[in-house]
Amino acid sequence: MTVMKFDLIKKEGKARRGKITFPRGDIQTPAFMPVGTYGAVKSLSPVELKEMGAEIILGNTFHLWLRPGTEIIKKHGSLHGFNGWDKPILTDSGGFQVFSLGKMRKLTEEGVTFKSPINSSKVFLSPEISMQVQRDLGSDIVMCFDECTPYPATEKEAKESMELSMRWAKRSKEAHGDNPSALFGIIQGGMYEHLRDESLAKLKEIDFDGFAIGGLSVGEPKEDMIRILDHTAHQMPEDKPRYLMGVGTPKDLVEAVYRGVDMFDCVMPSRNARNGHIFTSEGVIKIRNSKYKDDTSPLDPNCDCYTCKNFTKSYLHHLDKTKEILGSRLNTIHNLTFYQNLMKSIRKALDEGRFSEFRKEFLASYK
């Protein structure tokens with residue numbers, strides 16, 4: 001029996017306003033989850049994440065399993081005890097990271113054998129091992145182990161990949177056993193609507209605490225992503241959280257909420273920050289461009305983050321040029337605050353019954 005509870009508070013069209021409750025805290029949805037691959041959101045402390053409004057973060061099963069290993073994390077009680085984040089944590093299953101290894105992996109019915117990116121030793125990961133690792137991490141939301149279908153994939157390839165993921169989903173559920181953490185199933189099927197339907201039907205049969213859409217934002221054109229979202233999101237169970245994995249840009253988030261998605265994660269705000277790409281209410285600023293060298297305005301006059309209240313574009317340009325660590329940190333604080341503020345604005349618009357109006361205005365002003 002899971003300790004998670006989901007309340008659907010309000011709907012506007014397909015867009016949903018909800019709340020996910022855990023013993024460690026509530027998550028107001030739609031929600032964006034900052035990614036803490038190795039247990040930390042790069043350059044930020046748990047206090048800073050809370051200040052910007054994050055209520056849940058994501059940890060990476062694959063990377064934490066390889067380093068430092070679950071024995072060390074278990075000595076701290078859980079990943080929460082290890083990294084000092086006392087609110088909910090979602091851990092992915094490691095399936096996407098294995099997919100990212102490409103030719104360095106060998107896939108069988110049992111699981112995946114691959115060379116460790118740390119020391120090149122031979123490593124084996126299966127649904128059962130993934131569930132045990134996530135149990136050891138003590139995460140609040142556990143993702144079932146799947147194979148992320150590559151793009152492009154023929155219909156035959158997408159079908160075989162999806163069917164393997166469904167067999168692994170069943171094994172994940174069995175291995176999850178009496179773990180009170182929530183277990184989410186992942187819909188696969190590539191760019192083929194009928195395969196997505198088959199996948200969702202099988203996952204409903206197995207029965208999960210929440211449902212995720214996987215295999216998007218893997219290199220496909222934006223119109224394909226929207227087509228699959230249009231087809232799939234509203235068919236997911238109404239009474240359970242809906243999670244779109246690894247997406248995306250601010251526009252992607254607004255468009256996915258419009259189609260009925262509740263939860264998101266993406267490395268984009270933090271990774272882009274380190275490369276000098278800043279999200280603002282009017283679009284993206286590339287802070288290393290020379291035009292910002294003597295620009296004394298803040299990154300975004302509509303933002304109340306620490307960076308915008310205290311520093312100019314000129315200073316941030318200087319930090320970027322001199323490769324100062326502080327530059328990456330200040331950019332990350334801003335970008336993740338921007339994402340959390342966007343989710344707050346979306347939730348407020350849904351609360352007030354004006355989300356479709358908000359969406360139109362946002363898509364018109366955000367370049």
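For all residues, glycine too, the Cβ spot is worked out from N, Cα and C.
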**Request:** From HIS234, HIS277, HIS334, grab the residue that Swiss-Prot records in the same Zn(2+) site as CYS303, CYS305, CYS308.
**Result:** HIS334
**Item:** Of 169-175, 246-252, 309-315, the range Swiss-Prot labels region 'RNA binding'
**Value:** 246-252
**Prompt:** Say Swiss-Prot lists ASP92, SER93, GLY94, GLY95, PHE96, ASP146, GLY215 as binding substrate: which of GLN28, GLN188, GLN235 is in the same site, per that record?
**Reply:** GLN188
**Fill in**
Other than ASP92, SER93, GLY94, GLY95, PHE96, ASP146, GLN188, GLY215, the chain contributes near substrate (Cβ within 8 Å of their centroid) the residues VAL98, PHE99, MET143, PHE145, GLU147, CYS148, SER165, ILE186, GLY214, MET245
**Item:** CB-centroid shell, 8 A cutoff, Zn(2+) site CYS303, CYS305, CYS308, HIS334, site residues removed
**Value:** PRO298, LEU299, ASP300, ASP304, TYR306, THR307, LYS309, ILE333, THR337, PHE338
**Asked** Any idea what the model's mean pLDDT is for the region 'RNA binding' (246-252)?
**Response** 97
**Request:** Grab the same-chain neighbours of the region 'RNA binding' (246-252) for me: Cβ-Cβ under 8 Å, and only residues 6 or more beyond its ends, written as numbers and ranges.
**Result:** 96, 216-218, 225, 264-266, 268, 279, 338-339, 342, 362-363, 366
**Message:** Return only the integer: C-alpha distance in Å from GLY215 (substrate binding site) to ASP92 (active site, proton acceptor).
**Reply:** 13
**Prompt:** Under 8 Å Cβ-Cβ from CYS305 (Zn(2+) binding site), six or more apart in the same chain: what's there?
**Reply:** MET52, ILE333, HIS334, THR337, PHE338
